[in-house]
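To start, the structure under review is shown below, and the notes come after it.
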Amino acid sequence: MTDIEALKAITTESIDLENVPVEEVFQHLKCTKEGLTSNEVQERLTLFGYNKLEEKKESKILKFLGFMWNPLSWVMEAAALMAIGLAHGGGKPADYHDFVGIVVLLLINSTISFVEENNAGNAAAALMAQLAPKAKAVRDGKWNEIDAAELVPGDIVSIKLGDIIPADARLLEGDPLKIDQATLTGESLPVTKNPGASVYSGSTCKQGEIEAVVIATGVHTFFGKAAHLVDSTTHVGHFQKVLTAIGNFCICSIAVGMAIEIVVIYGLQKRGYRVGIDNLLVLLIGGIPIAMPTVLSVTMAIGAHRLAQQGAITKRMTAIEEMAGMDVLCSDKTGTLTLNKLSVDKNLIEVFKRGIDRDMAVLMAARAARLENQDAIDTAIVSMLSDPKEARAGIKELHFLPFSPANRRTALTYLDGEGKMHRVSKGAPEEILDMAHNKLEIKEKVHATIDKFAERGLRSLGLAYQEVPDGDVKGEGGPWDFVALLPLFDPPRHDSAQTIERALHLGVSVKMITGDQLAIAKETGRRLGMGTNMYPSSSLLSDNNTEGVSVDELIENADGFAGVFPEHKYEIVKRLQSRKHICGMTGDGVNDAPALKKADIGIAVDDATDAARGASDIVLTEPGLSVIISAVLTSRAIFQRMKNYTIYAVSITIRIVMGFMLLCVFWEFDFPPFMVLVIAILNDGTIMTISKDRVKPSPTPDCWKLKEIFATGVVLGAYLAIMTVVFFWAAYETNFFHNIFHVRNFNQHHFKMKDKKVAAHLNEQMASAVYLQVSTISQALIFVTRSRSWSFVERPGFLLVIAFLIAQLVASVISAMANWPFAGIRSIGWGWTGVIWIFNIVTYMLLDPIKFLVRYALSGKSWDRMVEGRTALTGKKNFGQEERMAAWATEKRTQHGLETGQKPVYERNSATELNNMAEEAKRRAEIARMRELQTLKGKVESAAKLKGYDLEDPNSNNYTI
């Protein structure tokens, strides 16, 4: 039997690879522990396929038609059926042109939605490809990082802490693993997997490191077989609920208008059947914001692409709106606020064991480090050697214990040149100290050294050593000796202080969450200007803390927490959410996953584990806090575009329904349905550009405020409807425009209205005039709703302006020159066209003040702050007490010499000025320190601080005067 034929037997699952001995697994899979060659991989990919589940292929036709299947489209489809099925009689031909127009409008919206979503889907697929799970496998005799989708049965893979198991596999020699199988079996606790056991695709490694041989991939895995049994659930997010609420409001408004028209037309006016149908069609076609789902989804998709360009990949689209409302960010210190580029000052190493010097301590620490797949600490330690190979020179490695959150240390068991067994371990000082046989004797000195390091912003790394006389690799060995404490320095990022200040001005409170000591956290907070109001994780356990306040208040007011474990992160997020905060949380490890899932916005930082990425909403591809704050601003801009459009959509619904209903009720004026279609089509073309509009993000956290959206929309829409009625009255009932502008007189009292031909002629001209008035001011409204302050001072996007000008040029030409009997309009000439533009300009001038009045009524803000535009004129919500935070931050920055007074960070030159001030403050401090060191007092104090002596304590016996 050839190798291929033998492997084909595996695909039929006639061999139980989960239960046969591991040696037989290699025989059946025709592989060795040296892995596969590239040719073997290609053959197996052809046979087994890629390591991914089968994707359901969606029909493009059904997907296209799906954009016509929503409540707003149903109303338009009902209008189309009315036009073709009910609009007959009354001495008029069948309403085919209206039917065709409605279908064209539906097709235009569906086409735009289909194309944009397809483009967004392709872009999203490309972005998500960056997040595709990776796996370390032996190929052609070398370890390589490959896409997990390229794994095949027979591959040798490495599994370590934080990895999501990429395929079903059997474990080889090594230490037991702790595997979280909750996603597969529902087991809440991790299970122990010994060498030889099976691990399944989709589970997570919680502890340990080992090699394994892949036995099944793709649809043949345990997860793949169960996937088809799981029904996908439809989750209705907050964004969808908002869309539904706005859509329902518009539909209800139309229903009310139609009910009034039915009662008046058929009950009071006793008019014909066809007249009523045409008037109802006007409300149905013009009132429905048919483009709303398209505009909002396209806006969000384009926004997600921009976020990705800034280094923040959005896994869940609705996370954008939550990011816009985030008011508290719980940030890791290491790698986010700091560079995560550790260095060790050899001169400061404190040695505790006789016979060991600092060079030997460094060598021992390097032995307890990995030479490959190093973390930041391992890199810092090994880089201190002249040659990294020195770490293993003259010894034989027997067993390496990798770091895990449970023991917080690494260890190496090895044989020296004489064949004696030794073990060396490095890790968290408390863990190392607990192992020492003489911990009670050295405890005070160790803690004093740790505190001395912490006061200088240095982390401590403990180092211990033991002999293993019995020669048992897994035995306990002899007593542990505490060898040394190594100081680790992780410098803050150059932009962290400025970014934190920027966040405070944006209403986002940044809290430092770190596993380091409290003194280190406070020193880092002081350097970054974020405050030193920090607490140990023990203060989270009960309300009996030294501050005498509840834990909730403590968390809300704290600048950060030190000595934090992953479970503390979860508790912090939970309590902040209970205080009505929208909370973001950064994380990178497997144990951060619960907190990332719990947070409103889980943010996996650069180089996070697969488990952390899987639990997050946003994945960063660049390090640092500035990426997050930039993403916040971008999210607010995206959210602002969506909110601007929803206000516009509600306004247009009200102005169409109310305006044409009043004309019908009081003047029996019948506006042609086809011209409403023209308005809708031109509006759609213009409004689509709002997804790329230039907007000013909210200076404070923002969220959906339906009360504001509906109130602003109703008032603005009602105003425009009333102005349409005023225009109609002035043109149809008076000589006002004729006398002032010397244009053709449309006053009905100057015509023989009993003559049907004359009346029809006048009505067609009035329809053309009303069409231009409604079209122009309706589209101009978007410039009002898109701006936070005066619309003429916030420059709109180029595409929006061009689209508006083209649409209104078309509308003006139609009104001035078009004679369309089928559409019920007749040309009014360029004179009347100019008059209507002047009327609409005057109408437009009152829109901004009305917008301010509505927001003033909703928020209660003073007039000065209202028109200033910097507070968004929206209902004020206590987003983490932003005034208190901003005042506190200013005070702290002033104390540190970083700022001389109030200066908003969003001024154009503020970034440069802040950098200059920071450099100047740093230079002044350095000059003062150097001068002080030249004095006897300065030298004594400097030496005392270095030794850990307290000169302020008169009872101290560490020195004499």
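All residue numbers here begin at 1 and follow the chain in the order shown.
Just so you know, glycine gets a Cβ as well, placed from its N, Cα and C.
Now, the feature entries from Swiss-Prot:
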{"type": "ACT_SITE", "residues": "Asp332", "note": "active site, 4-aspartylphosphate intermediate"}
{"type": "BINDING", "residues": "Asp588, Asp592", "note": "Mg(2+) binding site"}
{"type": "MOD_RES", "residues": "Thr894", "note": "phosphothreonine"}
{"type": "MOD_RES", "residues": "Ser910", "note": "phosphoserine"}
{"type": "MOD_RES", "residues": "Ser942", "note": "phosphoserine"}
{"type": "MOD_RES", "residues": "Thr960", "note": "phosphothreonine"}
{"type": "TOPO_DOM", "residues": "1-64", "note": "topological domain 'Cytoplasmic'"}
{"type": "TOPO_DOM", "residues": "85-96", "note": "topological domain 'Extracellular'"}
{"type": "TOPO_DOM", "residues": "118-246", "note": "topological domain 'Cytoplasmic'"}
{"type": "TOPO_DOM", "residues": "268-276", "note": "topological domain 'Extracellular'"}
{"type": "TOPO_DOM", "residues": "295-643", "note": "topological domain 'Cytoplasmic'"}
{"type": "TOPO_DOM", "residues": "666-670", "note": "topological domain 'Extracellular'"}
{"type": "TOPO_DOM", "residues": "694-709", "note": "topological domain 'Cytoplasmic'"}
{"type": "TOPO_DOM", "residues": "731-764", "note": "topological domain 'Extracellular'"}
{"type": "TOPO_DOM", "residues": "786-797", "note": "topological domain 'Cytoplasmic'"}
{"type": "TOPO_DOM", "residues": "819-826", "note": "topological domain 'Extracellular'"}
{"type": "TOPO_DOM", "residues": "848-961", "note": "topological domain 'Cytoplasmic'"}
{"type": "TRANSMEM", "residues": "65-84", "note": "transmembrane segment"}
{"type": "TRANSMEM", "residues": "97-117", "note": "transmembrane segment"}
{"type": "TRANSMEM", "residues": "247-267", "note": "transmembrane segment"}
{"type": "TRANSMEM", "residues": "277-294", "note": "transmembrane segment"}
{"type": "TRANSMEM", "residues": "644-665", "note": "transmembrane segment"}
{"type": "TRANSMEM", "residues": "671-693", "note": "transmembrane segment"}
{"type": "TRANSMEM", "residues": "710-730", "note": "transmembrane segment"}
{"type": "TRANSMEM", "residues": "765-785", "note": "transmembrane segment"}
{"type": "TRANSMEM", "residues": "798-818", "note": "transmembrane segment"}
{"type": "TRANSMEM", "residues": "827-847", "note": "transmembrane segment"}
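Across 247-267, 277-294, 671-693, 798-818, 827-847, the stretch most heavily in contact with the transmembrane segment (65-84), judged by Cβ pairs under 8 Å, is 277-294. Around the Cβ of Asp592 (Mg(2+) binding site), 29 further Cβ atoms fall within 10 Å across all displayed protein chains. The stretches the transmembrane segment (97-117) and the transmembrane segment (277-294) meet in space: the count of Cβ pairs below 8 angstroms, excluding pairs fewer than 6 apart in sequence, reaches at least three. Proximity of distant same-chain residues to the transmembrane segment (710-730), defined by a Cβ-Cβ separation under 8 Å and at least 6 residues beyond the stretch ends, is recorded for 249, 646-659, 662-663, 666-667, 669, 736-737, 766, 769-770, 773-774, 777-778, 781, 784-785, 836, 839, 843, 846-847, 850-851, 854-855, 857-858. Contacts between the transmembrane segment (277-294) and the transmembrane segment (247-267): present, as 3 or more C-beta pairs lie under 8 angstroms, all at sequence separation of six or more.
Across the topological domain 'Cytoplasmic' (295-643), mean pLDDT in this model comes to 86.
Residue counts for the topological domain 'Cytoplasmic' (786-797) by DSSP state, with H, G and I taken as helix and E and B as strand, are 0 helix, 0 strand, 12 coil. With DSSP states grouped into helix (H, G, I), strand (E, B) and coil, the topological domain 'Extracellular' (666-670) comes out at 2 helix, 0 strand, 3 coil.
Residue counts for the topological domain 'Cytoplasmic' (694-709) under DSSP, split into helix (H, G, I), strand (E, B) and coil, are 4 helix, 0 strand, 12 coil. Here Asp588 (Mg(2+) binding site) is positioned 9 angstrom away from the residue listed as 'active site, 4-aspartylphosphate intermediate', judged by their C-alpha atoms. DSSP labels the residues of the topological domain 'Extracellular' (268-276) in these numbers: 5 helix, 0 strand, 4 coil. Sequence-distant contacts of the topological domain 'Extracellular' (731-764) (same chain, six or more residues past either end, CB-CB distance under 8 Å): 667, 669-670, 821, 824-826, 828-829, 831-832, 834-835, 838. Just so you know, the Cβ of Asp332 (active site, 4-aspartylphosphate intermediate) picks up 24 other Cβ atoms within 10 Å once every protein chain is counted.
Long-range Cβ proximity for Asp588 (Mg(2+) binding site), meaning a same-chain Cβ under 8 A and a gap of 6 or more residues, is found for Asp332, Gly335, Ala604, Val605, Asp607, Ala608, Thr609, Ala612. A Cβ distance under 8 Å defines the sequence-distant neighbours of the topological domain 'Extracellular' (666-670), meaning residues of its chain 6+ beyond its ends; these are 269, 271, 275, 278-279, 725, 728, 732, 763, 766, 824.
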